[in-house]
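Features reported for this protein in TrEMBL:
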type	residues	note
DOMAIN	445-595	domain 'EML-like second beta-propeller'
REPEAT	98-139	repeat 'WD'
REPEAT	139-173	repeat 'WD'
REPEAT	182-223	repeat 'WD'
REPEAT	225-266	repeat 'WD'
REPEAT	310-351	repeat 'WD'
REPEAT	352-393	repeat 'WD'
REPEAT	394-436	repeat 'WD'
REPEAT	437-478	repeat 'WD'
REPEAT	479-520	repeat 'WD'
REPEAT	521-562	repeat 'WD'
């Protein structure tokens, strides 16, 4: 059934089977217990089995209670994992966890026949669940967060109250449609309930009123019932429907006549100032129960006398109900527990634990056997109220365990708690406590076991590190550390030294034999959370609150290097690989591996959701290894079981294939998520998966960006559209949608497959980026559906490309799009920019990136754009425009005014075309407006050399302080050679101009990346090319790290000559050459294309790391040579290097 994706059906079948056996063969005790175990097993592990149908024996059976017939019959400890230490003897009270909500569950209810459960959540959904199988039956999408829900007595309707609009809405369960809307409350509807006959609904609100509604007509039966002085938190009908009870923040319980709305009784809160969160009527109408802070109070309904006060919860009680027979009270609290009480004696009968956050709502099944709860942890849970769960006796620490360590032989576990002064040793096989180690005066913060297993070290808030004998359990010595508390401890491999990390940021190294301090390592700016010795004992790695890792010389006590990159949270774990060549560090939601011989980051495992729960550390007995090399080949091997299944996840990097293998199907799915989430978009595009299990795990990540294409090749996107239409969870993962249609002029549009599916569009509720290429709409209806969806999603980026001048934008159907952050609008037809103005107007205050690379445009739209202002604009791309009109742009001031009005711009891209194209450039007229403080935040500029010359003549400060990237090409004059010469003259020479500017710039001192296009020069201008590169070195030689250049294809340059030129750039790391500049036949060898050429460049450029050769060879188009440098051991001999070839994407 699980393989057929119908596992939930088996739960109901088992339930029917159990009922049949109990009716016809109740004497078959073992059979009854086996089927009952099977039913509980199916419910408890439904989610895991659905995800991994073939892994039942590995992922579910080991966690089955050990005292069940199912476990004793099917579990073989020789073949399957075993949970040590008395994990669970019998089935717990928790039967099932229902997941699906993405916000806190604020209200739950169960139908009168006990077959359906409903839950309302902050995520603006109402979900209907099958109470037997836990399967999700229906999701009813709302437009407001749901605060309260209730089932009608016949189970056909749902009433819901909302947070913001104050309405009560009635929904048809089967059809999922709204039947009526009841308006009257001004704000949040906190509570509501149907009368027993289903004809009326009572609701209580934060507007201090109680209202009674007619279910059929949706009108109020009575005027608003008022009397409470503060928010009404809970309302309920009496069993006979004659009275209504309400509780309020004003600390009173009020009883009202349900016919007239007149007050019958007021019960003043006896417990002081606690808020009344919940009230309930007993089935006999004689008792009212209410919550009061951490207590529960039971009242006589006629007189209002206090009968009982129930104490036990540690935090505020949120919800109280009676069991259907009225003999028990059930309560839930912010302390994450559900408690069951005896109404007569007031004694606590049971306590249910399992939620990870406060439990906001509870209800009881009609037969009184189950409790349903909804919590802030986004889950709905089903509990067995009659469970005979037997838990291991309470033992061990009196607070949460903070540190654990295995002894070297793996037989014992040592544990410590922050609020416990005792260190405890446990038997790892049977889970029993071996001995307590007592001596600390404060909570124990850290633990370590010596490699030989003979000693245990513990650090404490009492400023001591105590060393214990692991065999006799006696204290061997105590190291008094002054100044700050211990955060971490670690033994050296020989056990003779111990490193201690403190909250002050210092690391102290002590001799364990003599008890004397050897050295103090200082370098961290905050507390040290983790320390580790290398396998040879020569190095120490430390991780700190300051988000860095430092590698120390353990002998000299000096820092070798500090790793800053990668971590954005405090580093709470560091460890060396078995050979000591790299370290792995963990911080919050990511794990980083560093090669400490260089040092460089090798691989990053990261969970974008940011949850710590997805980062797993393995124990000492779990044989797991991870390796990675510079080709991004990552292998994770798990040898912890005998049966090896080869699940393969692979992606390609051009010719090199990177493969990840998991030879054990027990590898945590969360780790696969971390791996796949760290891949780039290009990696994901080449991802191939041969395991259905891995496909299920990574599919949500793969569908973050969906691209649908049809047109020339007539590809059919209907499969993807159908998948997203029927799988709402998968569709919700889609963040980027790309629609691409290239229709030949001789093909009628209706012969092409549709890219628009209304059901698919309705599910795409998380879209943030939409890309439209070509004429994607075949009908006006498609156009309307698409516009409606885009207007209703949190869209941030919109990209539109027109392939043909005949294509038309979908008119005004997208006029509802607003608050965009990025707009890219590329077309060669000026007629297609009309709808752009409405979108720009609606997003004027939010846009930070604007790209309008038009090819042809009239003058009037230009003027309209120049008159607009975008206060947060950071990136502007305008391209090379061919403007048609009487006034040439070079003579009009509007373009320059537009740019200068946006002093927030960091990236300005005006492109450049042929040298005789003048559109959109700065010319001499711009000098009257450009000044020292123009564009003060400019970090990147792309345009023709003449425009940059004008900026340099204006002495703009940003060119020397903030400009990091410069892309310059021809344009602006009839001679491209003069363009570049004059540009360098403006930067380096005191050019005289009429504006009387300040001193010469003298260089581009902050520039890191330069792209210089000299492709339009001629072969005879070789001398000018060489001189231009020299002038470039004068401008930015000390700072430039990346040089990209396009040279004339006819110009050939020796490696020696080019190496001499690039050697002028002191910090140059990357050279990217675009042209066939290598002389034929001169640099050939067996290493590959251009290897000898690159070796010469590497010998001249001392910082060089990569050389890109683009269009130098016909195939492949781009070859990349990586340069690795190694320090020669002999003093004074400097560096040597090696090169390695790879093909770029």
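Quick reminder: no glycine exception, Cβ is built from N, Cα and C everywhere.
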Remote residues contacting the repeat 'WD' (479-520) - C-beta distance under 8 A, at least 6 residues beyond either end | 442, 445-452, 454-455, 457-461, 463-467, 526-533, 535-537, 540, 542, 544, 546, 552, 554, 557
When the pLDDT values for the repeat 'WD' (479-520) are averaged, what is the result?
-> 86
So which residues does the repeat 'WD' (139-173) touch in its own chain, when a touch means Cβ under 8 Å and the partner is 6 or more beyond its ends?
-> 100, 103, 106-113, 115-116, 118-128, 179-194, 196-198, 201, 203, 205, 207, 213, 215, 218, 728
Chain residues outside the repeat 'WD' (225-266) and at least six past its termini with a C-beta under 8 angstroms from it | 190-197, 200, 202-212, 272-285, 288, 290-291, 299, 301-302, 304
Near the repeat 'WD' (437-478), which same-chain residues lie under 8 Å Cβ to Cβ, leaving out any that are not at least 6 residues past its ends?
-> 399, 402-409, 412, 414-425, 484-491, 493-495, 498, 500-501, 510, 512, 515
Residues sitting near the repeat 'WD' (352-393): Cβ under 8 Å, six or more positions beyond its termini, same chain?
-> 43, 67, 86, 88-99, 101-110, 112-114, 117, 119, 121, 123, 127, 129, 131, 134, 315, 318-319, 321-325, 328, 330-340, 431
Provide the three-state DSSP residue tally for the repeat 'WD' (98-139): helix first, then strand, then coil.
-> 0 helix, 23 strand, 19 coil
